[in-house]
Amino acid sequence: MSYFENFMKANQAYVDLHGTAHLPIKPKTKVAIVTCMDSRLHVAQALGLALGDAHILRNAGGRVTEDMIRSLVISQQQLGTREIVVLHHTDCGAQTFKNEDFTAYLNKELGVNVSNQDFLPFTDVEESVREDMALLRQSPLIPADVEISGAVYDVDTGRMTVVEE
Ligand SMILES: [Zn+2]
């Protein structure tokens with residue numbers, strides 16, 4: 001039995017709350033947020049965002065990858081965003097392993113050789129935010145005048161702390 005049935009039930013109630021809206025496709029704040037998939041981080045609530053306000057791009061760790069850049073280019077060049085926030089968090093799953101151990105584990109468990117793949121783990125969460133802000137700055141696909149901010153979200157308190165570039 002999958003959990004999916006519960007989602008379908010919950011959605012029935014949500015539809016009543018939602019009502020019918022015709023929000024524009026372009027985010028109102030013109031901001032794209034690059035963040036982690038962590039289940040303890042409710043980005044919209046933590047940042048005071050409503051429907052239609054911002055793009056929220058998530059992956060494991062909230063890392064700036066090739067696919068994250070792909071989404072940002074569409075966000076900016078097709079959908080009008082002009083600002084990026086890199087938001088990592090405390091107690092991240094990307095801090096729980098090293099590439100060598102993880103790739104060895106995957107080789108054993110799944111029989112797949114991924115020894116040359118970087119799963120982008122990190123140890124220092126402020127450093128990972130700075131690294132990813134730097135990657136965005138260096139990317140020729142991100143215009144130089146795009147505002148880039150960074151922060152760390154504390155999963156225990158909900159507080160965000162600014163990380164300077
Ligand atoms: Zn995380």
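Placed from the backbone N, Cα and C atoms, the Cβ positions cover glycine too.
The feature Zn(2+) binding site is assigned by TrEMBL to Cys36, Asp38, His89, Cys92.
Annotation for His89 (Zn(2+) binding site): same-chain Cβ neighbours under 8 Å, separated by at least 6 residues, are Thr35, Cys36, Asp38, Arg40, Leu41, Gly62, Val125, Val152, Tyr153, Asp154, Val155. Within 8 Å of the Cβ centroid of the Zn(2+) site, not counting the listed residues Cys36, Asp38, His89, Cys92, the chain contributes Thr35, Met37, Arg40, Leu41, Gly61, Gly62, His88, Thr90, Asp91, Gly93, Ala94, Tyr153, Val155. Annotation for Cys92 (Zn(2+) binding site): spatial neighbours Cys36, Asp38, Gly61, Phe122, Val125, criterion Cβ-Cβ under 8 Å with sequence separation of six or more. Counting every protein chain shown, the number of other Cβ atoms lying within 10 Å of the Cβ of Cys36 (Zn(2+) binding site) is 23.
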